[in-house]
Amino acid sequence: MGCIQSTGSEAKKRSKWIDEQIRQDNDRCSHEVKLLLLGAGESGKSTIVRQMRILHETGFNRQEQMQYKPVIYNNVVQSLLAMIRMMGPLEIEFGDPSNKTDAHRFETHYLHVNSLDLPEAFTLELADLMKNLWNDEGIKKCFKRSREFQLNDSAEYYLNALDRISAPTYLPTQDDILRARVKSTGIVETDFMYKDLNFKMFDVGGQRSERKKWIHCFEGVTAMDVFEERIRHSPLTVCFPEYEGGNSVTETSNYIRSRFEKLNKRESEAHKEVYSHFTCATDTNNIRFVFDAVTDIIIRDNLKD
């Protein structure tokens, strides 16, 4: 008899323990938010993740800053090379004919340099050569036509900072790191706390070959600027022939937003709430505002549930 009572008591304790674990799991899940960043390559996903580290963690330590040096050197070198190589196809001549020889010398030098060796190869002499090429009228004309070919959107920022970047004591700043272009491969998870919520942000590869790796990140998920520069040169009617408004950033942006919102209303009887924000991934204050708004929406929706 005593044995039966003992077994029954242990079963009750076990049941209570299981109930408590379920309660704790539910409580933990109610404070956990998964954010999946999706978009085409070079659309700013990795930059937003870096912004979260700056805004909600401790940013980047010295070791991490040093690790970005070869990345930044590679970005600035590849940007200048891209413009040099497009001079011919765009039928643009160098402003100073002697710079054609310097451009060939610069291109030949970096053909044999591994990207990891760039910090050592990025000498003051070569930096002066790059500055001279960047200031050439022909290169400037090529840059103004960069919408016609692939060029990192950080090109002008880095090339204008060659004096600082080429200094022997150079240490990348937070802004330098935000603008660094690194091709995302696989999935990178970043965890941080904000407003009593545990955020898990996933940065996925934007290239087509990486997209098959996205799907498992959707488990448990219940909701899922270069424009300003380009609109100055290419009217919105190139993409939307029916558009009849002006070509200002405000008018064109509002039109694109209205297209998204109308699509939602047309295809769903029970309209989903869509919140639109215009932002630039490298603008920390702008990203802070947008993420704060996203968090408030999540909290409000959780309270409804």
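Any Cβ shown, glycine's included, is placed from N, Cα and C.
Automatic prediction, not curation, is the source of TrEMBL annotations.
TrEMBL lists GLU42, SER43, GLY44, LYS45, SER46, THR47, ASP153, SER154, ASP203, VAL204, GLY205, GLY206, GLN207, ALA281 with the feature GTP binding site. Residues or ranges marked as Mg(2+) binding site in TrEMBL: SER46, SER184.
Annotation for the binding-site residues ASP153, ASP203: lowest Cβ count within 10 Å of the residue's own Cβ, ASP153. Taking all protein chains in view, 22 other C-beta atoms sit within 10 angstroms of the C-beta of SER46 (GTP binding site).
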